[in-house]
Amino acid sequence: MLQPWIVILCSLVYIGILFTIARYGDIERYAKKLRPHRAIIYSLSLAVYCTSWTYYGAVGSAASSGWRYLAIYLGPTLLIVFGYQFLKKIATTCTEQNITSIADFIASRYGKSRFLAIVVTVIAITGTLPYIALQLKAIASSFEVLTQAQPQELITNAGEVISNLTLNNISTSSYTLLSDTGFIVATVMALFCILFGTRYVHSSEHHEGLILAIAFESLVKFFALAFVALLAVFIIVDSPADLMTKISEASNASKISTNTLASDLFTLTFVSNMVLAMAAIFCLPRQFHVTFVEITNVNHLKQARWVFPIYLLLTAVLVIPIAIAGTIAHSSVTLPALANPDMYVLTLPISYGNNILAMFAFIGGFSAATGMAIVAVITLSTMVCNDIVMPLLFRFQSLKLKEYKDLTGLLLLIRRISIVCIFILGYLYYQYINRTQALASIGLTAFVAAIQFAPALIAAVYWKNATRRGAIAGLLSGFGIWLYTLFIPTVISGAGVGTSLLTDGPWGIGLLRPNNLFGIDFLDPTTHSLLFSLSINVICFIAFSWQRKPGLVERIQAANFTQTASEVDTRSQALPWWSTVAVGELRLLAEKFVGVAATKKAFDDFTNSRSSELIASKKADADLVHFTERLLGGAIGASSAKVIITSVINKQKDLPLEDVFSIVDENYQALQFSQGLLQTTIEHIDQGISVIDENFNIVAWNSRYLEIYNYPKNFIKVGVPVADIIRHNALKGECGEGVPEEHIEKRINFMRSGSIHSFQRYRADGTVLQIQGRPLPGGGFVTSFTDITEHKKVERELRDTNENLEQLVTGRTKELSLVNDKLQQVNRSKTRFLAAVNHDVMQPLNAARLFTAALERSDPNQKQLTNRINSSLNSAEEIIKTLIDISKLDSGSIKPTITDFHVNDVLNTLYKEFAVIADNKELELNMVPCSLVITSDAHLLRRILQNLIANALRYTKAGGHVLFGCRRTHSDTGEPTLKISVLDTGVGIPNSELSAIFEEFHQLDNQTTEETKGVGLGLSIAKRIGQTLDHPIYIESIVGRGSVFSLVVPVSHKGAAAKKEVATLKRSVPSIATPIAGLVVLCVDNDKNILDAMRTLLERWACHPYCAESLEEALALCHKHSVKPDIMLTDYHISRTEKGIAVMQSLEKGLNLKIPGVLITADVSEDVIIEAESYGYSYLSKPVKPAILRKTLQKLTNINF
């Protein structure tokens, strides 16, 4: 037994090989290399005829029915050898007429009938369904045999194994589509056909790559069968010489012995099967496509005439040892009594433990099935698209398909949908047929349907009087009999319902039983259906064709199909030896039909193309005869020209009366057709049309012209002088001011001079006419009258609109400017308000934090209380800072600084920052490094990731995992991007909350502890920063399992200048172990509470604080106590006139000292930070954390000392 995954993998690899070969064949530069071998490739592609029926079913048929299996090989061989001229005639016609399918061929031959094309397509689809079911049955059965049976099982329990494969015993309770091998195979084959055959729309229906792949499949299935045959001969049978001995020892093997050869071949069943196989070569849609549509050179049939029969002969020979070996193993209990003969090709290698050969045999069967399915379904999808769906869609004017410049996408979509629908129907047929039905019987069912095309196809190229009515009647009647006598009984037998129709007949009439019509019960079902359906088909076809003569188009097409261009081409035929037709005779003949001037020009051009001069008395050669025939054909039609030229060559003084009638009738009908077409055309256009001849009389017009001028009844007639018409219109005021005779003279002069004129006439009823006149070759004038009233109305409205547009735009622009100014003012007010709120709120928070730090140092017993106070202060601080950030982002005051940098710099910084937090929470934090350089704002990107990682740590329980890293991706335009993801194993987020979590203050209900509760603003600000940077954030989450947050950033096309770690957004100062006891610290702030808190904290640190509320007070304090400060701590907004940086500069100047300064402020704007650093001062934001303040003092002390 092979593991299913091995079989599937091998099948996928094989499919990949087929794709590669097909692509190779479609590439022009490789296709040129293959063209010298095109004949052999074409010949091998004809072996698409050998489907899984001939691969598996022929062996089963040989084992169970003896030599009768030869019928399916003998029929095509006899046809291609002895019916070569017939096949060549069809191939030549398809090439000359650009035929794309069997439906196109039959419809084109019989008057280009669209209804006939639909009939052929429906019959082709219905007849192909059994064949598709056959392929599904073969592949499904072979797959299950290959994967469900071990060698020992095939010996001991194979009866049960194989019967399970062939009996319809699937219980409805456990049955699912995914457990149905047939459904899976149908799905895979449908996808394969879509990918293989609808990659693009061909300008012609030639598929070079497809034919190359089919030829390759033909070799694969042949060699697979050959190796199994070798196994049968050299392993199961000891030697070739021992073969006949083994046969005589096995009782069942006598079915394929020489004793039964004559009795098997000379039977009605064998003959009927051979006729079916013979017709399959040109009647099966897929075989017609490969044989006639895909042929690029008709001469390739010469090589196919011996290559294809040899292929069939060798295949038929290979079947014999496999069938005999299977029968011998069958009788010797190597294979069980219930083993399916159709599966001998697989079960023999498996039973002898040769899994490699079994796999190769399976691939061979897979090739046989897929080759048929690909070509058949692609052909049928093309027929459905071209002959049914697209004509139907074009009938719906509302779709406006004619306005589309490119319908390629629609064509591909229709063909793909058609492929899926055809496979669904095939699968349903497979599902309801009797699972025990042999492959051969299923194939013959399809053959009987296809042979219904034979009468119409044969008559198409041999019988000129065959008509469209006859073809339709024959096809529908034969198809109906096939449905009743073969298709419906097969479906009924498979479904197990309605069996009374088979046993009792309809309404109990036994003579109408489907399988025993009129009491004929000595024929097998296939022969029975073939006899009745084909007979009725031929009778109806002939009867309805005789009932009515073919129409003009049918006769023209009959001439094209029954006598191809290669057959009537006088250039390829030497003139008869008795022909004495002279050059002058041909010239006179041409002048009678074409005219003197046209003949002279044509013969002069012909003379110029040759080196020799034409002499009237000399004998005409074949080239001149052909040239004259073509010249006449342009005037009287190809068939009429052929009749006349032939009579001249043969010196017939009088044409046969029927030929004369044919010429006159053909030209008369053609003339009537042209006149009718012209009249119909001008009647269906919106413009009025009038035509004047060279004598200035009206000769043609349309009804629209009469409507425009409302002429009296019977006023306009052929031959009425145009002067009378102009006079009538002038008297009605249609010609403007002036005397009618002046208008007449003016317009007649226009026509006489042949001048082109175009003008617009405004009429009294308010309508406007566009009148255009052009001269006709040979005299006369044609004038068109177009009502452009609506056009002029729209033009006037547009002009009025344009005049008012500028004023309207100016007014709207002014309104928008006012609204914009108000919005900007509101935005500035909001920003100022939030800045003020930030300062005023941060001041007491700063004081509270400093007092808390002092309390914690002075009274360690109060640590739990101070920790809670600090936690509350942290939450309040975080809310306020986040609100300020949101305000800045919404107002657009934060401008990203876009640079190229290594993403790993940001990731390393974040890992170091959060590693300690993760350890404290007993979480495992991991980072996947990345070496790429990205384009973004490093600080803002870090802020986003900081929020995402903090959330991941916050909502992941102890023992969980948090991972962040990168993955390469691409944008919709193909640009390289990088997806940075943060993954956690936390509580997860419900789908209903995925959008809401980015809203301000939104928290999930599953945050049950104080530890996990946040303020609900982190994701909101992360989203805003992402929008500012154009870095979209995505989220995926499963409740109880965790979440993944990702953002996409562009990859830089340039490398970063140097690698450096990204600094944190907070300007933290590295810790330096320097004592600060004894430091003299000067504090300046306008808030007394902050000064008190700062004094208390600094005293706890053994510092000497001096506090002042202004610059003047600070200077006075220093002079009074003779203080030389070591460090200055100042607020930024001390008063309206005093700023912290200016105060520190004034203190240094007033005390004549260089004093390190720290700006401590609630103003977190970037401008303030940059300004402080530019003067050499440090910056801390309120509320300041004592630990940060202490580290800053240590750093400044270290630098100072």
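Positions of Cβ are set from backbone N, Cα and C atoms, glycine also.
What TrEMBL lists as transmembrane segment is 6-27 (among others).
According to TrEMBL, the feature transmembrane segment maps to 39-58 (among others).
Beyond the transmembrane segment (70-87), the same-chain residues lying 6 or more positions past its ends with a Cβ under 8 Å from any Cβ of the stretch are 49, 53-54, 58, 265, 270-271, 273-282, 291-292, 301, 304-305, 308-309, 312-313, 315-316, 440, 443, 458, 461. Positions annotated as transmembrane segment by TrEMBL: 70-87 (among others).
Annotation comment: TrEMBL describes 115-134 (among others) as transmembrane segment. Sequence-distant contacts of the transmembrane segment (115-134), counting only residues of its own chain at least 6 positions beyond either end whose CB sits under 8 Å from a CB of the stretch, comprise 51-53, 57, 102-104, 106-107, 285-286, 372-373, 376-377, 380, 383-384, 387-388, 422-423, 425-427, 429-430, 433, 439, 442-443, 445-446, 448-450, 452-453, 468, 471-472, 475-476, 479, 482-483, 487, 490.
The feature transmembrane segment is assigned by TrEMBL to 175-198 (among others).
Per TrEMBL, the feature transmembrane segment maps to 210-237 (among others). Outside the transmembrane segment (210-237) by six or more residues, the chain places 17-18, 21-22, 24-25, 34, 40-42, 44-45, 47-48, 50, 55, 196-197, 243, 246, 290, 294, 311, 314-315, 318-319, 321-322, 324-326, 328-329, 334, 345, 348-349, 352, 354, 357, 360-361, 363-365, 367-368, 370-371, 374-375, 378 with a CB less than 8 A from a CB of the stretch.
According to TrEMBL, the transmembrane segment annotation covers 265-285 (among others).
The annotation transmembrane segment is assigned in TrEMBL to 306-329 (among others).
What TrEMBL lists as transmembrane segment is 356-389 (among others). Within its own chain, the transmembrane segment (356-389) has Cβ neighbours under 8 Å at 2, 6-7, 10-11, 14, 18, 48, 50-52, 54-56, 100-104, 107, 114, 117-118, 120-121, 124-125, 128, 131-132, 135, 138-139, 142-143, 146, 189-190, 192-193, 196-198, 205, 207, 210, 213-214, 217-218, 220-225, 227-228, 231, 284-286, 288-290, 345-346, 349-350, 411, 414-416, 418-419, 422-423, counting only residues six or more beyond its boundaries.
Sequence annotations record features per position, and here TrEMBL assigns transmembrane segment to 410-430 (among others).
Here TrEMBL flags 442-463 (among others) as transmembrane segment.
The transmembrane segment annotation in TrEMBL covers 470-492 (among others).
Looking only at the domain 'Histidine kinase' (836-1053), the predicted model's pLDDT averages out at 78. Per TrEMBL, the feature domain 'Histidine kinase' maps to 836-1053.
Positions annotated as domain 'Response regulatory' by TrEMBL: 1080-1197.
According to TrEMBL, the feature 4-aspartylphosphate maps to ASP1131. Long-range C-beta contacts of ASP1131 (4-aspartylphosphate), restricted to its own chain and to partners at least six residues apart, with a cutoff below 8 Å, comprise VAL1084, ASP1085, ASN1086, ASP1087, ILE1090, GLY1140, LEU1159, ILE1160, THR1161.
Away from its own ends, the transmembrane segment (39-58) comes close to residues 69, 72-73, 76, 131, 134-135, 138-139, 142, 211-212, 214-215, 217-219, 221-222, 225, 280-281, 284, 286-287, 290-291, 294-297, 299-300, 302-304, 307-308, 311-312, 315-316, 319, 342-343, 345, 364-365, 368-369, 371-372, 375, 438-440, 442-443 of its chain (Cβ-Cβ under 8 Å, at least six residues beyond either end).
The stretch in 306-329, 410-430, 442-463, 470-492 that contributes the largest number of Cβ pairs under 8 Å to the transmembrane segment (265-285) is 442-463. Cβ atoms under 8 Å from those of the transmembrane segment (410-430) belong to residues 125, 128-130, 132-133, 136-137, 182-183, 186-187, 189-190, 193-194, 197-198, 200-201, 377-378, 380-382, 384-385, 389-390, 401, 404, 491 of the same chain, restricted to positions at least 6 beyond its ends.
Packing against the transmembrane segment (442-463) from elsewhere in the chain are residues 51, 53, 57, 72, 86, 89-90, 93, 102, 105-106, 109-110, 120, 123-124, 126-131, 133-134, 137, 273, 275-277, 279-280, 282-285, 433, 470-471, 474-475, 478-479, 482, 486-487, 490, 526, 529-530, 533-534, 537-538, 541, 545, 561-562: each is 6 or more residues past its ends and has a CB under 8 Å from a CB in it. In the three-state DSSP scheme, ASP1131 (4-aspartylphosphate) falls into the coil class.
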